[in-house]
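Structure, as structure tokens:
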Amino acid sequence: MNRELRRVSIVVLAMFAALFLSTTVIQVAQADALRLDSRNTRALYDSYDTERGPILAGGTVIAQSVPTGDQYAFQRQYPQGELYAPVTGYFNPTQGSAGIERYMNDYLSGTSNSQFLDTINRIIAGQAPKGAAVEVTIDPVVQQVAFDALGDRQGGVVAIEPSTGRILAMVSTPTYDPNVLASHDSQAVIDEYKALQADDLKPLSNRATSGDMNPPGSSFKIIVAAAALASGKYTADSEFPNPVSLQLPGSSSEVFNWTRAACGPGETVTLREALRQSCNVPMAELAIQLGDDAIREQAEKFGFNSEVSVPFPAGKSIYPSGLDDAKTGLTGFGQYEVRTTPLQMAMTSAAIGNDGELMAPTLVDRVTGRNLEVLSSFEPEVMAETLDEESCVELTQMMVNSVSDGQSNGARIEGVDVAGKTGTAQNGTDEPYSLWFTGFAPAENPEVAVAVVVENDGNLGHHSSGNIVAAPIAKKVIEAVLNK
Amino acid sequence: MTNTTNPTAATVKPSFAPDTGVLRTMRKLHLPQKLRNRELALLLFACAINSVAILLVQLGATGAIDLNLLYLGAGLSVLVIGLHICLRYVAPRADPLLLPIATVLNGLGIAMIYRIDLAKSLSGWAAASTRQITWSAVAILAAIVVILVIRNYRVLFRYTYVFGALAFVLLLLPLVPGLGREVSGARVWISLGGFGSFQPGEIAKIALAVFFAGYLVRTRDSLSMVGKKFLGVRFPRLRDLGPILVVWALSMLIIVFQHDMGTALLYFGLFTVMLYIATGRLSWILIGFGLFGTGAFFAAQTLTYVQGRFQNWLDAFSPAVYDATGGSYQLVQGIFGLAQGGLIGTGLGQGRPQLTPLSQSDYIIASLGEELGLAGLFAILGLYLLFVSRGLRIGFAGQDDFGKLFAIGLAFTVALQVFIMVGGVTRVIPLTGLTTPFLAAGGSSLVANWIIVALLLRVSDSVKTGPASEVSA
């Protein structure tokens, strides 16, 4: 009997071994995968229980979680409302998220790898779960000025610190109130979201970094000029024929200057003068001489045709490829299929102002844990070497002329050299213009690079221009930075 | 003590004779004393663990301490210590580990059931924990009665067939119209009027263990000696197949009419193993597996509920099975709970075991795994393994065949039940409805398992007759 009993004991042992194994497989080997299963509501409820970290801009709270009695435990609030919507985005426990809320979620929700030890400490200390605080690079004063300056116009503003890439302002109008989308009333949120999507003014798109992008118009001339200087074949004093109009090669269309006249009295016109007066004909001639490849190469150094994360992905600005001479000529003053964003144009100005060194733009300054320990801090990072220093100085001088006594004088500030360039881009016959300004100041040692776009003629009709509408907005933003 | 009054010894060494007697008596008394002291220490430790578990549940779930439940827990502690005191008088040589293990498992079960009551904001009689505590008291009292009444387990041998008939009646009770109740598809309950319901099958398994042990001891010779050899295995004569066929038919009836695969597997597994141990014939195991496998196969083909169980087991995560009515939703939720627990668990009172349906009964092991983690589950499984191994050890050390078989049968039911339930929840086997011994909410199961504890204690007391067997303690 004992022999049989021994065998049965072994069977019992094997049965328990199977249980030890099966529990280990589920609780250790497969645990991570099971936690990620979309049907696993436990992970979801856990995320509700975590007090999401706040988002701060220079001491101003722009997103925070406050306790509620409902099953989600916390309600996300945006005390500044729509002012920071393009930066923070929104967070909804059931309906998704956007912006910093989405792309810094690991830190905000306390699940990033760098918070693992903190989680262990928390469990030992018996503290409630809490996410890390994200401090953004936005300067609240500059942000407010930019927002107020845009007013009820459709458009976007980006201001960057050229030496670091820190984004000081990011505004898009019209926009939405993130508080509405953060509501725990799912149906109300879905309805509101649908209404925002259906709105013709597209309040959900971030005009500062993406959205339906605009042609840059004459503001693109600085990139064509940069390509010319970089080639070594041109200087600010290089001369171009100065006709009233230019018949584009192999095409019936003609290019005119915005004045419908020649660019000054001479038979020829210099690059400097073309930029100062924002003449299209010489720029088209230059573009054709350079060829689309050279312009594209220069544009891509500034960031065109590639995506940049701030940390949410910004729209990819476009310089098209495979252009014939006629189309290349049109891109010489930022028309045809060239499309860009204020972020891209601000990056371009920032690079020129920073001796050709393009710093990677970012919104995130610092991430701090619950005990204010720094989990991650921003380090300036060179994104590209765009242009040699000598060319930068030459181009800056041309941009300064353009503002001081040229077609971009709407951004002139007493006692400060502002370098800049306006643009008044056509979107097709009878379509409203997109109005631009991009530049930096002070020209010698810039503290801020800025780009402004205003869509729909700035609500003024076809008599508006970048210099009338966009340049004054940029001026206010620059002043806000310099007056600090 | 038979030789203390040896007349010749008294005349030769009159002064020493009483001394030897005293020494022997002292030794006999002293060793059981040691066993019981060890039991008392472990028992107090078990009660301490249970109190701390309840406190942690309260702190984790509500952040405050409610002493009421601790008083009730203290009441149960008094009862188990009462059982311990009874053992000192009527079964001083009983195994010292069984009682503390049962106590700590019962207590952890109450703590987890209470924890889920808190999550569901249930209190008073609506709370499963209140009922569980009451049933625990009833169960421990039943164990005390058993240990006091049955002074010699061999009495049971005399009533082998009475127990067989009793088991049969108990099994049929739920099918009696007006008495039986159907809960989630299985008709295994009888109504107890205002006091809830009772699963007579739980008690039936003890009666069956008695019956099987008694019957096999009586008939083992004919079951083991005769038969033809085939492929090196001696197969029994056709007419000796009778008993196994009867038990098989009984199991199949339970599957078909009561929709209770777990119980059928338990009874049949119990009988097959006892048959094998009694006869030493491997062929019984083969025949048993063959019969049950065939039955289960046909059941899976024809009975939709059995079909569903197999599908839930094999393809738990497929969306169609997950979303189906009676699908794998519960099973997968239980597994999510276990995964959430991970290695160290969320901590008592800090997980969400209530998200899993039946988290207090069928899925109590998933609930414990969520809050105590793999570490906690290993400890619980370890306790079960220890409990079962103590039972098997009693079988090894047993003096008579009935006692051996009976103890092994009782220990094996516990092992099989743990395997069927934990294996079902962790997808080792298809999930079937049984109770996890001592842990799961359910009065009948508690009463039955505490009676098993009492019976094992009784048998272990009898097998430890001389100093030689104390080694095993």
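Including glycine, each Cβ sits where the backbone N, Cα and C put it.
Automatic prediction, not curation, is the source of TrEMBL annotations.
According to TrEMBL, the feature transmembrane segment maps to B:40-57 (among others).
According to TrEMBL, the feature transmembrane segment maps to B:69-90 (among others). Among residues of the same chain six or more beyond the transmembrane segment (B:69-90), those with a C-beta under 8 A of the stretch's C-beta atoms are 36, 39-40, 43, 46-47, 50-51, 54-55, 58, 99, 103, 106-107, 110, 114, 129-130, 133, 136-137, 140-141, 143-144, 147-148, 151, 454, 457, 461.
Annotation comment: TrEMBL describes B:97-116 (among others) as transmembrane segment.
Per TrEMBL, the feature transmembrane segment maps to B:132-150 (among others). Sequence-distant contacts of the transmembrane segment (B:132-150), counting only residues of its own chain at least 6 positions beyond either end whose CB sits under 8 Å from a CB of the stretch, comprise 72-73, 75-76, 79-80, 82-83, 86-87, 90-91, 106, 109-110, 113, 156, 441-443, 446-447, 449-451, 453-455, 457-458.
Marked as transmembrane segment by TrEMBL: B:157-177 (among others).
Positions annotated as transmembrane segment by TrEMBL: B:197-217 (among others). With a cut-off of 8 Å between Cβ atoms, the residues of this chain six or more beyond the transmembrane segment (B:197-217) that come close are 156-157, 159-161, 163-164, 166-167, 170-171, 173-174, 181, 183, 188-191, 223, 243, 260, 263, 266-267, 270-271, 274-275, 278-279, 401-402, 405-406, 409-410, 413, 435, 442-445, 447-448, 451-452, 455.
Residues 168, 171, 215, 219, 222-223, 226-227, 261, 263-265, 267-268, 271-272, 275, 284, 287-288, 291-292, 295-296, 299, 303, 306 of the same chain sit 6 or more residues outside the transmembrane segment (B:238-255) yet have a Cβ under 8 Å from a Cβ within it. According to TrEMBL, the transmembrane segment annotation covers B:238-255 (among others).
Annotation source TrEMBL lists transmembrane segment at B:261-278 (among others).
The feature transmembrane segment is assigned by TrEMBL to B:285-306 (among others).
Residues 95, 97-98, 101-102, 104-105, 108, 341-346, 348, 365, 407-408, 410-412, 414-415, 418, 422, 437, 439, 456, 460, 472 of the same chain, all 6+ positions outside the transmembrane segment (B:372-393), place their C-beta atoms under 8 angstroms from a C-beta of that stretch. Here TrEMBL flags B:372-393 (among others) as transmembrane segment.
Annotation comment: TrEMBL describes B:405-426 (among others) as transmembrane segment. For the transmembrane segment (B:405-426), the list of distant contacts is 153, 156, 205-206, 209-210, 212-213, 216-217, 262, 265-266, 269-270, 273-274, 277-278, 331, 334-335, 338, 362-363, 365-366, 381, 384, 387-388, 390-392, 394-395, 398, 432, 434-437, 440, 449, 452, 455-456, 459-460: same-chain residues at least six beyond its ends, Cβ to Cβ under 8 Å.
Beyond its flanks by at least six residues, the transmembrane segment (B:438-457) meets 83, 87, 91, 94-95, 98-99, 102, 105-106, 108-109, 112-113, 128, 131-132, 134-136, 138-140, 142-144, 146-147, 150, 153, 196, 198-203, 205-206, 360-362, 364-365, 368, 380, 390-391, 394, 406-407, 410-411, 413-414, 421 of its own chain at Cβ-Cβ distances under 8 Å. Here TrEMBL flags B:438-457 (among others) as transmembrane segment.
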Exercise. Same-chain Cβ contacts of the transmembrane segment (B:157-177) under 8 Å, 6 or more residues past its ends?
Worked result: 187-190, 200-201, 203-205, 207-208, 210-211, 213-215, 217-218, 250, 254, 257-258, 402
Problem set entry | Recorded stretch, among B:40-57, B:261-278, B:285-306, maximising Cβ pairs under 8 Å relative to the transmembrane segment (B:97-116) | B:40-57
For this session: Grab the same-chain neighbours of the transmembrane segment (B:40-57) for me: Cβ-Cβ under 8 Å, and only residues 6 or more beyond its ends, written as numbers and ranges.
Result: 65, 69-70, 73-74, 77, 80-81, 84, 96-97, 99-101, 103-104, 106-108, 110-112, 114-115, 118, 347-349
